[in-house]
């Protein structure tokens, strides 16, 4: 889920939002390059989300509530929104038709809702007992959100989008790697002690 929502979805959204005009006239496989990359990243998001959801259900032995933590509910809603997106995209009206603006707004709304809820669900996972993550993981996620939002603000006004993408993508990758390391090494304290032979 970390790779899907912090990595692939974030980059896919940025490409769709800011690079339609930046890469105007450039194609890959017969479609605009921004769209080709957007589609690849969003299919990756979908595959990772569905795969992650299945692995989670197997790990916890089926559906379980998480007490007062709404992680399970927000996770299900995120998966459902993620499922709706490609179905809607498959039936999207052609550009220039009267229903295309409706599709564009719905696609934007559902996609951004899924992304925001996906990130919120990852925040909620920090507090799950099974995750065994240190509480300061929230600060790593908060730094990611601040960076992502600031990138949107800067890209909205910048003429240096190609250069900023060269900064944005590696930093997002670093956040993804940091979060994967935190999850893989959890609980950090006992993992550290084991590594040091204590």
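Here the Cβ of each residue, glycine as well, is placed from N, Cα and C on the backbone.
Per TrEMBL, the listed range annotated as transmembrane segment is 167-188 (candidates: 13-34, 167-188).
Most Cβ pairs under 8 Å to the transmembrane segment (135-155), among the stretches 40-60, 105-128, 167-188, belong to 167-188. In the predicted model, residues of the domain 'Cytochrome b561' (1-166) average a pLDDT of 92.
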